[in-house]
Ligand SMILES: NC(=O)C1=CN([C@@H]2O[C@H](COP(=O)(O)OP(=O)(O)OC[C@H]3O[C@@H](n4cnc5c(N)ncnc54)[C@H](OP(=O)(O)O)[C@@H]3O)[C@@H](O)[C@H]2O)C=CC1
Ligand SMILES: CC(=O)[C@@H](O)[C@H](O)COP(=O)(O)O
Ligand SMILES: [Mn+2]
């Protein structure tokens, strides 16, 4: 029986993780859960999965959850300390990191520090603090198992191969909901249009990132740290059908890819059960009936976020921290109706332009760069939002 802690249990990934757990009751046990604000769903999850510990964002929400749960036998905590307790819970074999944004960094680090393996969906953790997170995982001898579909595909395509034989990684991108649209039509797109991803049902923030192609930029940086491959050997290829989830080119010219229907339960199950595969009862990939698989290069002029992410990755140090924080602020402003879609990359560029270069040695280096970038990004949102 594998014991799990799940950070972000009420989100899109968290719910899919629990669906996998539900399908394999003899294989997994939920030891601890962490939610944000959705106490109604958190209460349902506690009733169904009976963890010993649950944490939510604030004391008020913890009180509300306690009221909903009555005399259920579960410890209820809140805030950073609560999330840390979930990450470090006793007897846990694997911590699933599935909060959204840089909020996931500290609990993920706490899990690694406590000697837990991590199944990582929260890509922002590696974008904002890649050098620190990978160093701590290596020092503690812990594994970071990818959940993100592309990185799971790369991981699966590298198993049984020597890492020194890898020539380049190719991340596939759906192109998002605005792939075919001219730039002139992107000015007035709404949050509702931006979150309507053609192939995947996901949380709002990552859906907007897919629409700007920042998601792919974040994934390039995530791959750089997960697989220790320099960004100049990581390419992006638009593949609108999201069937080929990514590929690895080897020095002999062989290209090994992983395919499957677009359903996150497949990479989630792989991360939970690795090195085993679970017999998932899902619709099967039928290539004879599938749409033709097509590929095209990304358009960096219409979607400059991808180019900005490469720039930040090449600059290194705290530049990706600033990129990530600025993007989080800009996406939130867009979702809140305070910033037009096309201003998202402008906010990120404004923050990166004169950001003080810094190295990442300790958590404080990341937290202070993140805080500075957020202040500067808010100022850019004020300017660019008003300019409309
Ligand atoms: N969805 C997908 O298919 C994929 C997602 N990912 C990555 O996985 C992560 C999660 O994505 P997704 O599930 O779509 O996101 P969702 O928005 O659906 O869920 C986010 C989760 O994080 C919690 N949360 C939000 N803010 C905070 C906070 N400040 N502190 C603590 N918890 C918080 C939410 O709690 P609540 O709802 O209770 O407020 C919820 O449980 C992201 O990093 C994303 O990039 C990667 C690949 C695919
Ligand atoms: C499901 C998943 O892994 C997402 O990160 C997905 O890849 C988003 O799709 P895009 O390729 O449009 O960014
Ligand atoms: Mn992905």
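All positions are counted from 1 along the displayed chain.
Here the Cβ of each residue, glycine as well, is placed from N, Cα and C on the backbone.
For the Mn(2+) site, TrEMBL gives 148, 150; the one candidate out of 64, 75, 81, 219 that the record lists there too is 219.
The NADPH site recorded in TrEMBL comprises 10, 11, 12, 13, 36, 37, 38, 122, 124 together with one of 203, 217, 253, 260, namely 203. Comparing Cα positions, residue 148 (Mn(2+) binding site) lies closest to 219 out of the binding-site residues 36, 124, 219.
With respect to their backbone Cα atoms, residue 215 (1-deoxy-D-xylulose 5-phosphate binding site) and residue 38 (NADPH binding site) stand 25 Å from each other. The Cβ of residue 215 (1-deoxy-D-xylulose 5-phosphate binding site) has 28 neighbouring Cβ atoms from other residues within 10 Å, across all protein chains displayed. Counting every protein chain shown, the Cβ of residue 150 (1-deoxy-D-xylulose 5-phosphate binding site) has 28 other Cβ atoms within 10 Å. Counting every protein chain shown, the number of other Cβ atoms lying within 10 Å of the Cβ of residue 12 (NADPH binding site) is 19.
For residue 124 (NADPH binding site), the nearest of the binding-site residues by C-alpha distance turns out to be 219; the candidates were 150, 197, 219.
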